[in-house]
Amino acid sequence: MGLQENSNRNSSLVKSFGVAFYGIYTAARTERNIKIHLVISTITLLFGWKLAISPVEWLFILTAISGTFTLEMVNSAIERTVDLITKERHPLAKQAKDIAAGAVLVYSLFSVIVGAVIFLPKMF
Ligand SMILES: Nc1ncnc2c1ncn2[C@@H]1O[C@H](COP(=O)(O)OP(=O)(O)OP(=O)(O)O)[C@@H](O)[C@H]1O
């Protein structure tokens, strides 16, 4: 592999990270639900630290938090894509948005259960 080719590859890797971070920034700036998740996640992390939860419990909490953010961002991307494709009301547009919203709800329920199982016994 030539030096030039190697440096092109590195710069495209840097670019990919750049756009990905810009995507996270855009989602955090424009999406109300993601702002709410940021607040809830911060409180959860503080609780975890205060109640000295175990490493396995941390793994579950971090899985719940990162998964919720990931799905919320994918949901936002789907909403934007649908809006870009059509401004008209369309049953498939409705299904696409509703299914994506349903995916977020399923994972959010999992996250609530994780939080309840870990924190409730330590609080009461
Ligand atoms: N193009 C569309 N065709 C049919 N139903 C739609 C369409 N866009 C949105 N919906 C329905 O509205 C719900 C909310 O969609 P979305 O969050 O994008 O808000 P919106 O209806 O576009 O308007 P607003 O952003 O002001 O709430 C979707 O889950 C879906 O049920």
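Glycine residues also receive a Cβ, built from the backbone N, Cα and C atoms like all the rest.
Database features (TrEMBL):
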- GLU72: active site, proton acceptor (ACT_SITE)
- GLU31, GLU79, GLU88, ARG89, HIS90, LYS97, ASP98: ATP binding site (BINDING)
- GLU31, GLU79: divalent metal cation binding site (BINDING)
- GLU72: substrate binding site (BINDING)
- 35-52: transmembrane segment (TRANSMEM)
- 58-78: transmembrane segment (TRANSMEM)
- 99-120: transmembrane segment (TRANSMEM)
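Features per TrEMBL, on structure.
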residue: GLU31; record: ATP binding site; contacts (Cβ under 8 Å, 6+ apart): GLU72, MET73, SER76
residue: GLU79; record: ATP binding site; contacts (Cβ under 8 Å, 6+ apart): LYS97, ALA100
residue: GLU88; record: ATP binding site; contacts (Cβ under 8 Å, 6+ apart): none
residue: ARG89; record: ATP binding site; contacts (Cβ under 8 Å, 6+ apart): none
residue: HIS90; record: ATP binding site; contacts (Cβ under 8 Å, 6+ apart): none
residue: ASP98; record: ATP binding site; contacts (Cβ under 8 Å, 6+ apart): none
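When secondary structure is read from DSSP and collapsed to three states, GLU79 (ATP binding site) falls in the helix class. Per the record's binding annotation for ATP, residues GLU31, GLU79, GLU88, ARG89, HIS90, LYS97, ASP98 show a top Cα-Cα distance of 23 Å. When the recorded positions GLU72, LYS97 are compared by the number of other C-beta atoms lying within 10 angstroms of their own C-beta, LYS97 comes out lowest. When Cβ-Cβ distances below 8 Å are used as the criterion, the transmembrane segment (35-52) is approached by residues 28, 58, 61, 65, 68-69, 72, 115, 118-119, 122-123 of the same chain, each at least six residues removed from its ends.
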